[in-house]
Structure formats: structure tokens, C-alpha cells
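Engineer: As annotated by Swiss-Prot, domain 'PPIase cyclophilin-type' applies to 10-164, with the evidence given as sequence analysis. Here Swiss-Prot flags 54-65, 70-71, 99-104, 109-113, Thr119, Lys125 as cyclosporin A binding site. The annotation phosphoserine is assigned in Swiss-Prot to Ser149.
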Amino acid sequence: MAAIPPDTWQPPNVYLETSMGVIVLELYWKHAPKTCKNFAELARRGYYNGTKFHRIIKDFMIQGGDPTGTGRGGASIYGKQFEDELHPDLKFTGAGILAMANAGPDTNGSQFFVTLAPTQWLDGKHTIFGRVCQGIGMVNRVGMVETNSQDRPVDDVKILKAYPSG
């Protein structure tokens, strides 16, 4: 396994070049340092390159980060899963919030989602670790693609390349 970067490595943004355009994500290092490090380092390693947004629910969220494309895969830089970093100041108040997808408490891996609307019922259940700072219109367009009964896009929406700034 590749080395985990030092705590001093804190790129402010991660860029997602997708098949529908570019999304720039601002990372909340102060509130969720372990989660930000995982996401930025996975991006730096090319882990997300070629992966799909495998789950899209209109007016709710777009989800990606699973190299298997099934919604059941993905690992963190720390091993399989790591603990939540829930911060009381961060709430799901609107569109463009970046958070970790999970299967319950302390089950974070590589999957993440971006909200398309307020989703207050997720407060305290998913680690918020950033926001869309450029490309929210593109995120909204991804959120409107046609999906099947399992919320999978009929036509793939891919992350062509993901990389941290700096």
C-alpha cells in the first residue's frame, strides 16, 4: 500500500473532470481532516479515474467513488473502512454539500456523494467534508440524467480524472 501523506499536505481543492464537465470541490480540512486526506490522496493516486456516478437520485444526490460501480466496493487509504468525523457546525442545508457515503456508523471507504437539495435527515449520519465551489450547474445536470429503477444512470456519467490542487 502507498504511504499516507503527512498531516501538512492539505490541498484546498479536488478537481473532478467528468464526462459532463468539471466540478471543483473545496475540502473542509479543519472539520474533517482524516476524511479530506483520504479523498485527496485517493484522487492523487488516480483511484477515482474512470469510475462512474453509480447512483443518482433527482432532487437528492449524486453518488460516486466506487471502483466496482456497484455501490458495494471501495477502500480507504487507511485500510477497509474508517470512522466518521461528524461536526455539529456542518449540516445538510442545501445543494452542493460533499459527504461520505456509508453503510452505517464508522463505515467510510472511498464512496462519496454531493447533495442536490437540503437533506436534513442526513445530519449526524454522514461525514460532511467539503462543498462544490465551482460547477454546481454541472452537478445539477448530472442529477437530472435518466436512471433505472435502481437509481443507476441509463448512460454512464464518469469521473474521467480526479486530482488535488497544489
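For all residues, glycine too, the Cβ spot is worked out from N, Cα and C.
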Engineer: Counting other CB atoms within 10 A of each CB, which of the binding-site residues His54, Lys58 comes out lowest?
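Structural biologist: Among the binding-site residues His54, Lys58, the lowest count of other Cβ atoms within 10 Å belongs to Lys58.
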Engineer: Can you grab the distance from Ala101 (cyclosporin A binding site) over to Ser149 (phosphoserine)? Cα atoms, rounded to a whole Å.
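Structural biologist: Answer for this pair: 20 Å between alpha carbons.
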Engineer: Which of the listed recorded positions (Thr70, Ser149) has the least company, meaning the fewest other Cβ atoms within 10 Å of its Cβ?
Structural biologist: Ser149
Engineer: Roughly where does the domain 'PPIase cyclophilin-type' (10-164) sit in mean pLDDT, to the nearest integer?
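Structural biologist: The average pLDDT of the model in the domain 'PPIase cyclophilin-type' (10-164) works out to 97.
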Engineer: Can you tell me how far the Cα of Ile62 (cyclosporin A binding site) sits from the Cα of Ser149 (phosphoserine), in Å?
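Structural biologist: Cα-Cα, rounded: 15 Å.
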Engineer: Taking the Cα atoms as reference points, how far is Phe113 (cyclosporin A binding site) from Ser149 (phosphoserine) in Å?
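Structural biologist: Pair distance, Cα basis, whole Å: 19 Å.
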Engineer: Counting across all protein chains present, how many other Cβ atoms fall within 10 Å of the Cβ of Ala101 (cyclosporin A binding site)?
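Structural biologist: A count of 21.
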Engineer: Whole-number Å distance between the CA of the residue listed as 'phosphoserine' and the CA of Gly109 (cyclosporin A binding site)?
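Structural biologist: If we compare the Cα positions of the residue listed as 'phosphoserine' and Gly109 (cyclosporin A binding site), the gap is 25 Å.
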Engineer: Around Phe113 (cyclosporin A binding site), how many other CB atoms lie within 10 A of its CB?
Structural biologist: 24
